Amino acid sequence: MAALLVRGCALRPSWATRSAPICARGEGMKGNFAESVCLGCTSLRLLNYRNACFRSCTAARPVYVASRKGDNEFLWTDISERRYYKYLSSPASWTALKMGPWDLSVRNLHLSRPLFDDSVVEKSLKSLKDKNKKLEEGGPVYSPVSEVETVKKSLGQKVIDEIKHYYHGFRLLWIDTKIAARMLRQILNGHAMSRRERRQFLRICADLFRLVPFLVFVIVPFMEFLLPVALKLFPNMLPSTFETFSKKEERLKKELRVKLELAKFLQDTIEEIALRNKAAKGDVTAEFATFFQKIRSTGERPSNEEIVRFSKLFEDELTLDNLTRPQLVALCKLLELQSIGTNNFLRFQLTMKLRSIKADDKLIADEGLDSLTVTELQAACRARGMRALGVTEDRLKEQLKQWLELHLDQEIPTSLLLLSRALYLPDTLSPADQLKTTLQTLPESVAKEAQVKVAAVECEKVDNKTKLEATLQEEEAIRKENQEKEMERLADAAKESQQVAAKVDVQSAPEEAISGEMKTATADTAAEPAVAQMSASEQAEILKDTAPVLEGIKGEEITKEEIDILSDACTKLKEQKKLLTKEKEELSELKDDVQEYSEDLQEIKKELSKTGQEKVLQETKASKILTKRVNRMIGQMDKIISELENEEKVLDEHIEKGSVPPVGENLVSINELISIMRHIQKIPEQKLQRIAAALDENKDGKIDLDDVAKVVELIDKEDIDISTSQVAEIMELLQKEEKLAEKEKAKEKVEKEQAAEAQN
């Protein structure tokens, strides 16, 4: 930890990477955001911010309306008309403002998994292939664990262990049920959920289906059957600002949206509970516990094989979510990112940077190290926290080659590799020793999460006590995050109130100036002798602030409110153009996930057949039932999309020709986007131009609505203020990742075709 603190204080000169950095160097960032996301990785948050100009009432945020209770609160009235209150100084001074559903909208329901994330089934398949590969090479699958004499338990001890097992199991079931009910209530009320909450909700649903498999037969059909009723009773689940020509079209779009998100969430749940190992005895979890104990307590050095094997479990998201603030600051300084701000803000920067490094690593591996110039090698090494100046070209290539081997070949997470650099470890240490030292600095909270993860990957059971501890630990982290967000919100509200009060004082100043002019003159006259009596030294001690006031990047900054306006603008443009491209794309991705899941199961059976264990690992009954349900929902959604397209064709015949853009046209001009945003809320013209220019990457005056939606989702996920240059960099990163994903899909397709030809 001391090394991390020293590293965090080190000052580094600015540098330029080969690819555009995610957070611009030298640009100030507020860092005052709350990590407010919905159930999914990203979410279009359709929220309009309205300034109420009554007395000193400031901007009210509808997202807090339905969640806060107590004396000082915002309130909803009914569906057709909404009323909210802004607390001023006492309940007697509350000011009310009425708004209809056309003014206020809510966040979109979203339950899908983050992009570019391997499922548990895919990780299990990789682990199985790794084992078989080592067996074929003739080496041991894993390092032998130190043998411990098995002590035969007495009958009384067996009874006590069984009682403890069921006690922790029922307690876990009760806590999971409470948490699931609370989160489901938040979803129905239209509230967004953080990444941590979404991950917790997914794991809890998987645990509930494991503990009580009968729930699959009851909950899923019942939930699907009641979707129309839920949309009627809880309109805040989806935005109510559809500009449709038909009530039927609006109903179908809402039904499609909810079915799509539910199907994606069920598919994620399937992959969590897919496989069960009948012969599992908990050996892997015991090995991990022994490994972590060696590192943290005994000081005994594990084997290199164990270090590399278990280091893969500490994924970037898991590691960043559990790092302390000094460690987050040290990583930001190492990567020369903004190191001032909340923990969530620092995590967002690091997440974007790690994604950028991962994409660059794949590009460098494809192009080869020899294709890089010396300047590019220096920039690449420096971007990864390695020495870049005063080093020969061969040394630069060697450093980068070792990084690529650890990251891409051995699949060591980028966060661990960067943490090892932040510790200023000697270059003479081997990569395994560097990883060992890095794992020693990780908080204890990571161990429980990693232990649950290793059991899921190896398809083994985790004892109920460990699951319960991990669940309670995650709940405590969620509670702390919510407290941070609430404190930040109160600080922002207090700042706004002070600004409003200052404006009121400025307006009332001229009235008091005349009456106080004579008093001021008299006071100044009386004070002149006292000032004259002050010595020269006393006058010299009076401090005067002569520094100029810096405006920073205020003109270039996009606030959270403007991100919401941009989100609304994208939605309205899509409604005007009658686009279903986003829904079609997500449905296509869901079909691909289902197909990949089926192919992974077949590959797992094939790998198990090599060792004669194909009957040991089986698909659970719950996952089979859910798979059938998801396939059925996919068929229903295909019918809804066809019905919507037919409805739009009929409606277009009754509308004047040329008034509606052609269906499927996904490009809009910059002027269209600016016009819609100007209509939603007044924003300075120059700022509108800069926002639109940041979204127009190729500078042709056209913007792809789907690309804009993806950028907005990613930014809105963290609820931050961000500069226009950073928006452009995020768009570039997303497009780079999409190109890499297309290359990987094409490569996999070719490999499958070659394998099929070889079999024939």
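Note: Cβ is positioned from N, Cα and C throughout, glycine not excepted.
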From 119-161, 463-505, the residue range that Swiss-Prot assigns the feature coiled coil:
463-505
What is the set of residues, excluding Asp696, Asn698, Asp700, Lys702, Asp707, whose C-beta falls within 8 angstroms of the centroid of the C-beta atoms at the Ca(2+) site?
Leu667, Leu695, Glu697, Lys699, Gly701, Ile703, Asp704
Secondary structure of Asp707 (Ca(2+) binding site) (DSSP, helix/strand/coil):
helix
Here are the binding-site residues: Lys702, Asp707. Which has the lowest count of other Cβ atoms within 10 Å?
Lys702
Out of Asp696, Asp700, which has the highest number of nearby Cβ atoms, where nearby means within 10 Å of its Cβ, if these are the binding-site residues?
Asp696
